[in-house]
């Protein structure tokens, strides 16, 4: 599936790009299409596989949040009348994950089954989606936001938004944080909820990819996973702080334009 050098490079790219609103799937797919000669339908399952590495890094980083939520699940299931402080977040994750699957699975199947483009055309498709991501980020204001617990409408909007991240070039963190900011969450809560909702969504995606036999597991794919985890764990704290302060919309738009232009070179 991957050579050793490809696995290492892709793992590093995934580990670095996951925490920034620039589409790690788009970045790894762009590398595979541009430099490794893969088609877009070949690149996407590999990109999803590498997300498992950064998922593990996110679980380690958000371990206290994850622990509280897991401990709260039994009480959440047993009683809906005796509400606990973490219940709104559990409901948010359950509903948003379900919506992500409903929206994202058909998109993933369509792209992997019907989009056999490669080379400049595939690069241009990813570039267009990066431009869309950048424009979306430009339209979102971080002013007049507040810290609050998520509700039903927040779950619906965020879950649908996350589903569209199945399209390479659409940043999962970028589109979900944008959705949460539009719902008037402050930046810190938007980032925290965005990455918490990525944990069940990525787990479900990994199970789906595995059941459909879309990824061939070998030693090199494990190496790629390890590098994604290691670089993700080392960079997550710094990059999340950077993501709160830096506007990455121009990066997405600029890289997207360059990617589209490669089709004509």
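Quick reminder: no glycine exception, Cβ is built from N, Cα and C everywhere.
Counting residues 6+ beyond its ends, the transmembrane segment (42-62) has Cβ neighbours under 8 Å at 1-2, 10-11, 14-15, 18-19, 24-25, 28-29, 32-33, 108, 111-112, 122, 168, 192, 195-196, 198-199, 202-203, 205-206, 209, 214-215, 221, 224-230, 232-233, 236-237 in the same chain. Annotation comment: Swiss-Prot describes 42-62 (among others) as transmembrane segment.
A Cβ distance under 8 Å defines the sequence-distant neighbours of the transmembrane segment (90-110), meaning residues of its chain 6+ beyond its ends; these are 44, 48, 69, 72-73, 76, 150-152, 154-156, 158-160, 162-167, 193, 196-197, 199-201, 204-205, 208. The transmembrane segment annotation in Swiss-Prot covers 90-110 (among others).
What Swiss-Prot records for 115-135 (among others) is transmembrane segment, and it gives sequence analysis as the kind of evidence.
What Swiss-Prot lists as transmembrane segment is 160-182 (among others), and the listing cites sequence analysis.
For 195-215 (among others), the entry in Swiss-Prot reads transmembrane segment.
Residues or ranges marked as transmembrane segment in Swiss-Prot (evidence: sequence analysis): 222-242 (among others).
What Swiss-Prot records for 245-265 (among others) is transmembrane segment, and it gives sequence analysis as the kind of evidence.
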